[in-house]
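*Asks:* I'd like to ask some things about the structure below.
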């Protein structure tokens, strides 16, 4: 019986590794057609549009070495593959969590990250280690990994505040108070000045827009539902860290939506959802109910439908 369980774990583990490798080759070749962002990456990584983008340090270094967009994309995806593989080799603890990750990655994540958002995909791969260090209260390696992630994508900047928010009560009180001020300004109808600043200065010119986005929508409700059904899977004190992690993520998402940064808001959901799934692999209990397992499969099925049918990964 024990041998059968070990065989299943090994089978799932190698299925994950195989899926990661397959995703690497599909993303490099754009096997199923060009993604929405591929032409942008082609222009940026060939050097023709690099000055028009707030490009992170890592890609500036790559561009100093080569103007071959194929080589840069290959390098970014290869590093992302190596990081994820290394993470699972070192940190996998939950068989069921690994199965859920396999399904989520195969049907959702590899398409929106590795296949489409190449830079963000590398950043989130690095942040997988950050989550491991966060839940194990390892301050120095947490910040080292976050700083490395920032060189891959600016979206990792808020993670500089994540560790104190999760582990220090006073930091949570201050963080919640600051977020509360932003919410009150928005609800009072006096947010126009701040929104104008966001839209007209710095990086906000590229990521701010007038699009109206409901705070509660299908993706945010999916995010909340996944969090709620995952809580019982975590042991104390990791459960408390997981709850604080979610609170930080949702506050960030909420403020971005309110202040006309919908693209960034949805990138936040994508990143934190991926990391919530990752957290179940490294910290969750092995004993879980079949109901929760089935609910997660339903959620993954909906997300696959949303991204492939409603949103569309390919540039068609």
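Every residue gets a Cβ built from N, Cα and C, even glycine.
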*Asks:* Checking feature assignment: transmembrane segment per TrEMBL, candidates 30-56, 57-83. Which range matches?
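*Replies:* Spelled out, TrEMBL records transmembrane segment over residues 57-83, not the other listed ranges.
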*Asks:* May I ask you to indicate which of 241-259, 260-278 is given in TrEMBL as transmembrane segment?
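*Replies:* In TrEMBL, residues 241-259 carry the label transmembrane segment.
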*Asks:* Of the residue ranges 142-165, 166-189, which one carries the transmembrane segment annotation in TrEMBL?
*Replies:* 142-165
*Asks:* What else in the chain is close to the transmembrane segment (290-309), if you only count residues 6 or more beyond its ends and a Cβ gap under 8 Å?
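*Replies:* Long-range Cβ neighbours of the transmembrane segment (290-309): 96, 100, 103-104, 107-108, 111-112, 218-219, 222, 225-226, 229-230, 232-233.
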*Asks:* Cβ under 8 Å to the transmembrane segment (57-83), counting only same-chain residues 6 or more beyond its ends: which ones?
*Replies:* 20-21, 23-24, 27-28, 41-42, 44-47, 50, 114, 118-119, 121-122, 125-126, 128-129, 151-152
*Asks:* Which residues of the chain, 6 or more past the ends of the transmembrane segment (95-112), have a CB below 8 A from one of its CBs?
*Replies:* 5, 8-9, 12-13, 15-16, 19-20, 23, 26-27, 88, 233, 270, 274, 277-278, 280-282, 284, 286, 288, 293, 296-297, 300-301, 303-304, 307-308, 313
